[in-house]
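**Q** Pasting in a structure now, in structure tokens, and then I'll have a few things to ask.
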Amino acid sequence: MAKDIKFSEEARRSMLRGVDTLANAVKVTLGPKGRNVVLEKKFGSPLITNDGVTIAKEIELEDAFENMGAKLVAEVASKTNDVAGDGTTTATVLAQAMIREGLKNVTAGANPMGLRKGIEKAVVAAVEELKTISKPIEGKSSIAQVAAISAADEEVGQLIAEAMERVGNDGVITLEESKGFTTELDVVEGMQFDRGYASPYMITDSDKMEAVLDNPYILITDKKISNIQEILPVLEQVVQQGKPLLIIAEDVEGEALATLVVNKLRGTFNVVAVKAPGFGDRRKAMLEDIAILTGGEVITEELGRDLKSATVESLGRAGKVVVTKENTTVVEGVGSTEQIEARIGQIRAQLEETTSEFDREKLQERLAKLAGGVAVIKVGAATETELKERKLRIEDALNSTRAAVEEGIVAGGGTSLMNVYTKVASIVAEGDEATGINIVLRALEEPVRQIAINAGLEGSVVVERLKGEKVGVGFNAATGEWVNMLETGIVDPAKVTRSALQNAASVAAMFLTTEAVVADKPEPNAPAMPDMGGMGMGGMGGMM
């Protein structure tokens, strides 16, 4: 396919048009008075959102060179979202400002490599200063503030803070769509996995259709149980203890299942059988997790154990087990704290090494189940369109909160970027490097300016006043007042601000050092199909 090539100024100008188109669509959403953007969907109702990365991913421009510029800035939003989970609009605004300022200087004759060095120096200094001024997040109220600012909804802030308090900072918090209008929190304490009872005859509560076992023994194996003789020795020991039994096995079938059900119905003993969760290596790991949590052993041939040799000592114990048609929940396992901590450490190490997003998610789930539980935020709304928009906002708030727990918080509303202004301005440099530093200084003002513009105010006036204020004092665009941002609870996670700045600078530096752009030439329209008027179907009647 033939290629279209543009050089130097012409190439950069074409790409800049794409950058501006995308950034202008995204930046209207910034701040407490930011607006929404409506995205057309091929199927279903349009999506209304103020999430920067969602908007950026949807934008596709007709001109190939403009589209490349737009895609570069979309990459800033996407990367920031991957690292910090929020701050994508801020990252886009910063990138646009750096690219625009940088191009002015390149056009005026500045050396792009010198500018790049200056930009990199300035960002390193800004990130160091952000670390210095960030404060660790303390208590439920701080978490609620971070989440409420991100979602622009205090109720969501409270929900997320409560969820994190209940399941711990490492706990898994998932989002589900609710059938109702309200958004509510549902916390599953203990370890839950998605396998239900092998037979409905095993239930103990016919109203709720669930089996509840108090202080049960737990037999954990990766084998199929089809012959009752295999588990008879251990069954007899459990019956003598007068306790119920939960069997977790690859499968319980045939004669073994029939015998267990008959004895359960006769009242000889209380037993529930469930299939082991997961598949393959993940199943082995999850069975091991359950064993450590309940203080039992996995009875597996890999360790030279068979079911006939199992004793009460090799079984796990728990305070309570609830088994429904679809889920099994083990609460208050009696495993030793040291072993559980060691297992958590092991999973954390695997989390750091894995590159697969799917594996990361599964490891995070296992970690949460061992560390305390799973919280589910059920998102409700009046219409499907509102539901999708609300879900995106809560997802951002959740990511923001996790980022705040990791690296602390800084003053929100773009104030923290202005607070590092003096530090960046004090860097000693000459020539094009100094110009590169000035490009970053100009970009640091941009988020505050845009927040003010979206609130219907003159951005430059707010920026100039902010330069003279003490660290931490900023402009609350929601009320139009000047306040101490940290004390008022208008905060951003340091990680989000840092990621936005670093990613914007990275793409801007690459953009400015571009000298040629290559794109596919658009193909001429394909000729239309020839007229088929002479091919009437009348003569084919005899084929019917």
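Cβ atoms here come from the backbone N, Cα and C positions, even for glycine.
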**Q** Given that Swiss-Prot annotates T29, L30, G31, P32, D86, G87, T88, T89, T90, G413, N476, A477, A478 as ATP-binding, name the residue from D20, D492 that shares the site.
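**A** Candidate listed by Swiss-Prot for the same site: D492.
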**Q** Grab the ATP binding residues from the record (T29, L30, G31, P32, D86, G87, T88, T89, T90, G413, N476, A477, A478, D492) and give me their largest CA-CA distance in Å.
**A** 20
**Q** With every protein chain in view, what's the tally of Cβ atoms within 10 Å of the Cβ of G31 (ATP binding site), excluding that atom itself?
**A** 26
